[in-house]
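Lifted from Swiss-Prot, the feature list:
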COMPBIAS  81-91  compositional bias 'Basic and acidic residues'
COMPBIAS  95-107  compositional bias 'Gly residues'
COMPBIAS  108-120  compositional bias 'Basic and acidic residues'
COMPBIAS  192-201  compositional bias 'Basic and acidic residues'
COMPBIAS  207-243  compositional bias 'Basic residues'
DOMAIN    7-82  domain 'RRM 1'
DOMAIN    120-195  domain 'RRM 2'
MOD_RES   SER201  phosphoserine
MOD_RES   SER203  phosphoserine
MOD_RES   SER225  phosphoserine
MOD_RES   SER231  phosphoserine
MOD_RES   SER233  phosphoserine
MOD_RES   SER242  phosphoserine
MOD_RES   SER250  phosphoserine
MOD_RES   SER259  phosphoserine
MOD_RES   SER263  phosphoserine
REGION    81-121  region 'Disordered'
REGION    192-263  region 'Disordered'
Amino acid sequence: MSSRSSRTIYVGNLPGDIREREVEDLFSKYGPVVQIDLKIPPRPPGYAFVEFEDARDADDAIYGRDGYDFDGHHLRVELAHGGRRSSHDARGSYSGRGRGGRGGGDGGGRERGPSRRSEYRVVVSGLPSSASWQDLKDHMRKGGEVCFSQVFRDGRGTTGIVDYTSYEDMKYALDDTEFRNAFSHEYVRVREYDSRRDSRSPSRGRSYSKSRSRGRSPSRSRSRSRSRSKSRSPKAKSLRRSPAKSTSRSPRSRSRSKSRSLSPRGWVTVERHWIALI
């Protein structure tokens, strides 16, 4: 189990009249809250320590609430006990590379949410390119309790994977819906995850394309060899030309083909023979 310090966050710049219930409402969406220690000094702002069951939920809360505008107060959220972790660090712990994904958005970039998984999984297609795993998680919570979210991008667009904690929540979420974040909104499609359809890895797809290219190469080489043999054949040339041209050109082509196997003297003899005929 993770240490308490990694599961507890500090929340600063709270309004002086905030209540503990309001603090819980702010952070319970990121995971089960164990304890809230709210401090309201004589002179505001106030602050609080919020402990989660899981350190990954604490990271979620830092990412989602650091800088959040609550009733005109921009909250400051970081790890407690001197273990400062900014919202930028929290993003890195999940996406690894920010919104751009791997290599600045090369089509295979991925952004991950918490690593807890379940068998009650749905696929969300048609997401806007600006969607993050946190945006997806927040949106899909309308269907039930989400324990995992992931966003990845490929040549077909932006797709999400969401795991629910129960079968009922997963079934409730299976419906087309309108996805919104700070940048855009799209109508997305939600369907149940199919292991046979959705578990193909990118590396498997790449190896398949290579094998197909290897399969084509022999046919290309055979077609080239056939074209060369036809172009060198005197008979092939004579079939494509008129009779008048074939009588004047075919002897010369035959003499050249024979000249490769005969000595220079023999070639002259053959050449004179044809000249005499002409």
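Every residue gets a Cβ built from N, Cα and C, even glycine.
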Per-region confidence, the domain 'RRM 2' (120-195) (mean pLDDT, whole number): 82
DSSP-assigned states of the domain 'RRM 2' (120-195) in counts, ordered helix, strand, coil: 16 helix, 37 strand, 23 coil
